[in-house]
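Report on the structure given below.
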């Protein structure tokens, strides 16, 4: 029986690369190492490039068996046939998106270090709640810190949910060297950007991150 609404393991988050061919090759390498989900996160790209990369990644992820989400732009996620969308505090209201997009679109939400926010967004239909940054992050150096205990508390709350339950995702400064800490703290999945895509060997980095969750039921 499926136990989670969102796949456990390594959740890759795309870097700010304009070279789409380079990005696709990196995604293939990460998937070969065991990445289970991917989020297109392009904060600096223009609308045309963001859409083009989404259209390129959606069929590739289907081919690779990787769940594909788009950050912020849930209508783009629907347009390209992505599996889901990730929404932050300043993005669309998750309850509104759920009402308009229906149950078929996976919704992930940023909860920072706020368990009460997580409770509210789960009630609004979120499929995973993301907490972070758990470690110092080169992507968001000024971001709020979420201690590992937050993951433990979130996991304890969600274990009472009927299967398939929402997932707990950790984000922020995660690398192959520290990913086991978030898995042991209770995260179902680790969202990784530079620790994956800036690694000298992307496939090896993915394999190391994925392995941390193979022993975390």
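Cβ atoms are placed via backbone N, Cα and C, with glycine included.
These come from Swiss-Prot:
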- 39, 40, 41, 42, 43, 71, 110, 140: 4-amino-2-methyl-5-(diphosphooxymethyl)pyrimidine binding site (BINDING)
- 72, 91: Mg(2+) binding site (BINDING)
Among the 4-amino-2-methyl-5-(diphosphooxymethyl)pyrimidine-binding set 39, 40, 41, 42, 43, 71, 110, 140, as the record gives it, the longest Cα-Cα distance in Å: 16
Integer Cα-Cα distance in angstrom, residue 140 (4-amino-2-methyl-5-(diphosphooxymethyl)pyrimidine binding site) to residue 72 (Mg(2+) binding site): 16
Distance, residue 72 (Mg(2+) binding site) to residue 42 (4-amino-2-methyl-5-(diphosphooxymethyl)pyrimidine binding site) (CA atoms, angstrom): 9
Per DSSP, three-state class assigned to residue 41 (4-amino-2-methyl-5-(diphosphooxymethyl)pyrimidine binding site): coil
Tertiary neighbours of residue 41 (4-amino-2-methyl-5-(diphosphooxymethyl)pyrimidine binding site) (same chain, Cβ under 8 Å, six or more apart): 13, 14, 71, 86, 193
Pairwise CA distance, residue 91 (Mg(2+) binding site) versus residue 110 (4-amino-2-methyl-5-(diphosphooxymethyl)pyrimidine binding site), rounded so that it is a whole Å: 10
CB within-chain contacts under 8 A for residue 39 (4-amino-2-methyl-5-(diphosphooxymethyl)pyrimidine binding site), separation at least 6: 11, 12, 13, 14, 68, 69, 70, 71, 86, 108, 191
List of residues, in chain order, with Cβ under 8 A from that of residue 40 (4-amino-2-methyl-5-(diphosphooxymethyl)pyrimidine binding site) and at least 6 apart: 14, 50, 53, 54, 57, 68, 69, 70, 71, 82
All-chain count of other Cβ atoms within 10 Å of residue 91 (Mg(2+) binding site): 16
Cβ neighbours of residue 110 (4-amino-2-methyl-5-(diphosphooxymethyl)pyrimidine binding site) where a neighbour is any other Cβ within 10 Å: 22
All-chain count of other Cβ atoms within 10 Å of residue 43 (4-amino-2-methyl-5-(diphosphooxymethyl)pyrimidine binding site): 9
Cβ contacts of residue 72 (Mg(2+) binding site) (under 8 Å, same chain, 6 or more positions away): 85, 86, 87, 88, 91
